[in-house]
Structures are given as C-alpha cells and as structure tokens.
Amino acid sequence: MSWWWKRSIGAGKNLPNQNKENGVCKSYKSVALVVGVTGIVGSSLAEVLKLPDTPGGPWKVYGVARRPCPVWLAKKPVEYIQCDVSDNQETISKLSPLKDITHIFYVSWIGSEDCQTNATMFKNILNSVIPNASNLQHVCLQTGIKHYFGIFEEGSKVVPHDSPFTEDLPRLNVPNFYHDLEDILYEETGKNNLTWSVHRPALVFGFSPCSMMNIVSTLCVYATICKHENKALVYPGSKNSWNCYADAVDADLVAEHEIWAAVDPKAKNQVLNCNNGDVFKWKHIWKKLAEEFGIEMVGYVEGKEQVSLAELMKDKDQVWDEIVKKNNLVPTKLKEIAAFWFADIAFCSENLISSMNKSKELGFLGFRNSMKSFVSCIDKMRDYRFIP
C-alpha cells in the first residue's frame, strides 16, 4: 500500500465528485470524524479522505469546529457540524447521534495551551462517540514536536531534548497538555478495545485562514503589507535561525500519515513523528517569499537591532483592511489570518529537527519538497482570494 503515500503536492486541490454515480450515493466503507476541521491539518484531512484512491475508502467525513462553516470549506464534501467541544452537553447533543463513525481524527486544541481545558475537550469527544458508535475502530490524536521542547508558555524555563527528536524520548518534567491528551487516549482506547495513534508533526506548511499557528499565512500577510507599503521584506529573526537547518511538514502529508496509521495494521498503537523528509534554511525560504511577492529582501543583518514581527505589524489592522478592500479579497481581519507571535517563535528557534525513521521502518514512505510545499501554500492562498 506504500505506493499511495508518494503522491504529489496539492493532490487534494481538485476533488472529483467521486461518491455519486448517476445521482445515486455509493456506500461508505469508513466514516471519519475530523475534530478541528477548519484548522491547518483538519482542512487537509477533509480533502485527502475524499480522494478516490484513499485507503480505507470510500470515506464519509463529518467535520467538527467551533465556528460557523467558512465559505472555503463549504465547497468540500464534508458534513459540517458546528460544535463547541469544550461544552459537554452540546458535544453529547450533536455527536452522540453519529452512530456510524469508524475513525476519530482529533486535530484540535485551544490556544491558551491550558491542560485542563484541552483535556476536557478531548474527553467530551470520546465520551460522546465511544458509547454510541459501535463500529468505532481507531482514534488518531495529533499533538506535535513541542513534546520534545515544551509548550510556548514555559519558554526558556525548559531544557529541551537534543535533536534529532525520536519518539522514544521521555516526557519532559514540565506541564504540557500533550501529556494529558495522551493519557486520556491510552486509557479510553485500552478499556474499549480500540486502536490508536499519536502524531507529532513538525512546523506545518498548509492552508487555513482559521489556524492559530499558520506560518505560511502569516508570512503571506507580512509580505503583502510590505508590498502595499513599498517596503523591503525584513527578516525579524535571529542569526542562528537564519543560518541553521529546520524542518517542516506539508499539511496534506500529515493527513496522509494519519490515515495510514488509521488503516495499516503495522502503524496501529504507535507514537509517530511526521515531517517532509528534508531540511531547509529560513534564508532560502525568505528569498523565495520575496520572489513570490516581487519585493526586495533584507535578510539577517549582523549588529542590527532585532525587531519582532509582532512589533512591526502591531498597528497594521487598518492597512490590512485597505488591502482586502482594494483587491476584493475574502474579508478577514489581521488578527484572524496572521499569527505574528508564532512567526517570532519560529524565527528564534533552532535545531528542532525530528526523525522519520520509525515511520519509514513501519512502511510510510511519503515525503514532500519543503520549498515546493511552501510555494504551493502561497498559490492556494491566492486561489482562495485571501491574498492578492
């Protein structure tokens, strides 16, 4: 089955209407519940699960998110359910009737990184689905490589593991809601005879204007504002981050990785890293970003005072409103479509490389070219009219 995982970038971009023939709906082999479907990986799952050659398919897909269904997601073949999963009664009311679910893909979190709230959200999902979906087989939990260096709120108080990160490294002795989610997963799947998988993606390159940590969207907005104001694209990060190697993962590849673990017996009950299988440097990404927007690039300058991207963009709300109106873009607010604080963290980080050896040894051979993935995400932002 490993041939399927070698697909090209953007494979889910143009979905055929593969689930209908002569107006009659096909039967489904598997039914997915994607929690966090408007997020960066959730939206990719919504596309990749519906491809005609996706293993385990044909798939029916329920998509859950807190906000109303956005226009760009409404065009996807997903049964959308607006639900605040932090509310137990609302979650039970809306999800317990879904008795045909076979696989849960949990790719959601709350931005405060609060352990109790994130744990409650996950528990509410499992408590609503497991007792009612008699055909449930697998629960996929997505966390991330913060498992190896701590959550953002702990900052410099944490001594991270040495990279490259491998899945067998012990938990750091600091609060991390990933630990709470894993413990809940192990307990609930164990007592209900379900299989599970935990996925730890690297920095994700993908499309979703609703994501709290979308580096590509953030950089696209920054570059768009620079072009609008006829300013150079200045790198706001550290010297080390400018020069060191980094890794990332295409959101579609994360989706493929999670589907693989959900259907391939070799990958069941495993903790798995996920990245593109190559490395890049921000200095090269920065050059490509400037080229894509047709603006001058200014990289790291030795001795120059470093100004954070959040500081550079703090008064640009009205500028962004002008850009949206001038170019007839999908209406968005700056705080919705860009996370400058997150870019600042990425541009001050170094040596956060994870190993894909375990997944390869188990049979997952998927990969992406990180530079091409980055450009593809820019193209998608333009296709959906979020940037000019």
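Note: Cβ is positioned from N, Cα and C throughout, glycine not excepted.
Note that the coordinates shown come from a computational prediction; the quantities given were computed from them, not determined experimentally.
Here is what Swiss-Prot records for this protein:
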{"type": "BINDING", "residues": "38-40, 66-67, 84-85, 108-109, Q142, Y178, V204, 211-213", "note": "NADP(+) binding site"}
{"type": "BINDING", "residues": "K146, Y178, S349", "note": "substrate binding site"}
{"type": "ACT_SITE", "residues": "K146", "note": "active site"}
{"type": "ACT_SITE", "residues": "Y178", "note": "active site"}
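Shown on the structure are the features that Swiss-Prot records.
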| residue | record | DSSP (3 states) |
| --- | --- | --- |
| T38 | NADP(+) binding site | coil |
| R67 | NADP(+) binding site | coil |
| V85 | NADP(+) binding site | coil |
| W109 | NADP(+) binding site | coil |
| K146 | substrate binding site | helix |
| Y178 | NADP(+) binding site | helix |
| S211 | NADP(+) binding site | coil |
| S349 | substrate binding site | coil |
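Cα to Cα, T38 (NADP(+) binding site) and S349 (substrate binding site) are separated by 27 Å. R67 (NADP(+) binding site) has a Cβ environment of 9 other Cβ atoms inside 10 Å. A sphere of 10 angstroms centred on the C-beta of W109 (NADP(+) binding site) encloses 22 other C-beta atoms.
Spacing of W109 (NADP(+) binding site) relative to K146 (substrate binding site) is 13 Å (Cα to Cα, whole number).
Close to S349 (substrate binding site) in the fold, though at least 6 residues off in sequence, lie S241, A246, each with a CB less than 8 Å from its CB. Whole-number maximum of the Cα to Cα distances across the substrate-binding residues K146, Y178, S349: 20 angstrom. If you draw a 10 Å sphere around the CB of S211 (NADP(+) binding site), it holds 25 other CB atoms from the protein chains shown. Annotated pair V85 (NADP(+) binding site) and K146 (substrate binding site), C-alpha to C-alpha distance, rounded: 23 Å.
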